[in-house]
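Here's the feature list from Swiss-Prot:
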| type | residues | note |
| --- | --- | --- |
| BINDING | 13-19, 41-43, Arg306, 332-334, 414-416 | GTP binding site |
| BINDING | Asp14, Gly41 | Mg(2+) binding site |
| BINDING | Asp14, Glu15, Gly16, Lys17, Asn39, Ala40, Gly41, His42, Thr130, Arg144, Gln225, Thr240, Arg304 | IMP binding site |
| ACT_SITE | Asp14 | active site, proton acceptor |
| ACT_SITE | His42 | active site, proton donor |
| BINDING | Ala300, Ser301, Thr302, Gly303, Arg304, Pro305, Arg306 | substrate binding site |
Amino acid sequence: MGQSVVVLGAQWGDEGKGKIVDLLTEEIGAVVRFQGGHNAGHTLVINGKKTVLHLIPSGILRDDALCLIGNGVVISPAALIKEIGELESAGVEVRSRLKISPAAPLIMPYHIALDQAREKAAGGKAIGTTGRGIGPAYEDKVARRGIRIADLHYPAQLEELLRTALDYHNFVLTKYLGVEAVDFQKTFDEALAFGEYVQPMKSDVAGILHDLRKQGKRVLFEGAQGALLDIDHGTYPYVTSSNTTVGGALAGTGVGADAIDYVLGIAKAYATRVGGGPFPTELDDEVGQGIRDRGAEYGASTGRPRRCGWMDIVALKRAVAINGISGLCITKLDVLDGMEKLKVCIAYEYRGKRTEYAPLDAQGWEECTPVYLEFPGWTENTHGITEWDKLPVAARAYLRALEELAGCPISIVSTGPDRDHTMVLQDPFA
């Protein structure tokens with residue numbers, strides 16, 4: 001049987017998953033996206049060339065890797081066409097290697113209109129979504145009024161589904177949110193055209209994955225966002241609309257629990273968050289700005305500045321437990337170069353008591369004050385180092401402390417954005 005590895009974020013997203021997925025896709029059978037949409041922004045740097053992927057799995061830059069989009073992903077037709085076009089214009093063969101589940105829901109124009117109108121109406125209480133229709137598309141999926149890839153090939157059924165959806169959503173858009181209605185004919189024509197475009201890529205993703213496992217091929221499941229943004233286990237309501245944790249890899253592709261052999265959790269050597277929501281270790285000072293500048297902490301999808309803070313072990317341990325993480329990958333170690341001292345949150349002060357467990361609600365998180373452990377920094381340059389023994393003593397001590405505090409071994413350390421700026425201490429596929 002083949003080996004399957006799930007790669008997922010162990011913080012609030014933007015941990016560097018795309019680079020690690022690309023690194024691990026050498027000699028791979030397939031890479032599969034299992035949740036989220038084009039709100040994800042996976043940045044790859046290979047030989048100094050930067051590529052940002054939003055929907056297509058990060059294995060697309062490997063010539064022999066099959067790339068799959070599972071039923072758990074919500075697909076924007078316009079975003080997918082644009083991304084395929086950009087890659088193919090750069091000489092990357094996409095359509096012959098990309099397979100998409102017919103059960104994947106579509107992000108329709110009314111989902112985008114709803115998302116943006118709601119955020120505007122919420123004002124200061126906005127969640128901080130990307131405004132790309134992800135949440136409303138998942139809402140329709142659960143409400144059983146979603147339009148899926150499979151529906152595009154039955155025009156009469158598609159027309160009925162679309163009219164029903166627009167009757168509902170246009171009422172909300174015009175009567176409640178006070179914005180313009182979405183036009184039926186334009187939306188219908190665009191959907192039919194996309195159906196023709198995507199037809200050659202439509203495939204039974206679950207069946208492909210089962211066959212690959214029987215053939216002994218390696219499969220990598222690529223998560224988007226991070227565990228602490230999970231719709232069920234994150235800082236609700238400041239979360240994304242899908243299951244970003246390991247359970248999402250199963251439900252979002254159609255494989256069983258026995259198909260997962262290793263879970264790799266990606267975490268930065270510090271912490272970041274985009275948008276609203278609790279962030280106990282956030283640094284609203286020159287230290288936080290320094291990390292933001294050195295780490296280029298601006299969203300790949302939105303360009304928004306990310307909130308920056310110290311490593312939060314309480315939150316990381318929660319991600320390790322929820323996902324059954326087998327090993328950690330610590331990224332952006334080099335961003336901490338030159339800092340005199342580092343802090344790691346090892347517990348919270350919560351309502352007068354010390355706790356090593358995170359509250360289960362956003363309000364509780366907001367009331368938490370971090371308890372820090374200090375570590376000496378290092379002045380040496382770690383950028384691009386690929387051997388453990390060549391890291392500064394203080395950097396090695398910091399990593400070993402993270403490993404011990406999180407109760408999980410570190411498998412990979414990243415010291416720069418390029419694929420080659422990486423040291424693999426334990427191969428997840430070994």
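Cβ coordinates are placed from backbone N, Cα and C, and glycine is handled just like the others.
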Once the DSSP letters are reduced so that anything not helix or strand counts as coil, what is Thr43 (GTP binding site)?
strand
Using Cα-Cα distances with a 10 Å cut-off, which of the binding-site residues Asp14, Thr130, Gln225, Arg306 are near Thr43 (GTP binding site)?
Asp14
Could you check which of the binding-site residues Thr130, Gln225, Thr302, Gly303, Pro305 is the closest Cα neighbour of Gly16 (GTP binding site)?
Gln225
By CA distance, which of the binding-site residues (Lys19, Gly303, Pro305, Arg306) lies nearest to Thr130 (IMP binding site)?
Gly303
So for Gly16 (GTP binding site), how many other CB atoms are inside 10 Å of its CB?
20
Have a look at the binding-site residues (Lys19, Arg306) and report the one with the fewest Cβ neighbours inside 10 Å.
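It is Arg306 that, of the binding-site residues Lys19, Arg306, has the fewest other Cβ atoms within 10 Å.
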Whole-number Å distance between the CA of Thr415 (GTP binding site) and the CA of Asp14 (Mg(2+) binding site)?
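Rounded to the nearest whole number, the Cα-Cα distance is 16 Å.
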Rank aside, I only need the closest one: which of the binding-site residues Gln225, Gly303, Arg304, Pro305, Arg306 has its C-alpha nearest to that of Gly13 (GTP binding site)?
Gln225
Out of Gly13, Gly41, Gly303, Pro305, which has the highest number of nearby Cβ atoms, where nearby means within 10 Å of its Cβ, if these are the binding-site residues?
Gly13
Please report the three-state DSSP label of Gly16 (GTP binding site).
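Where Gly16 (GTP binding site) sits, the three-state DSSP reduction gives coil.
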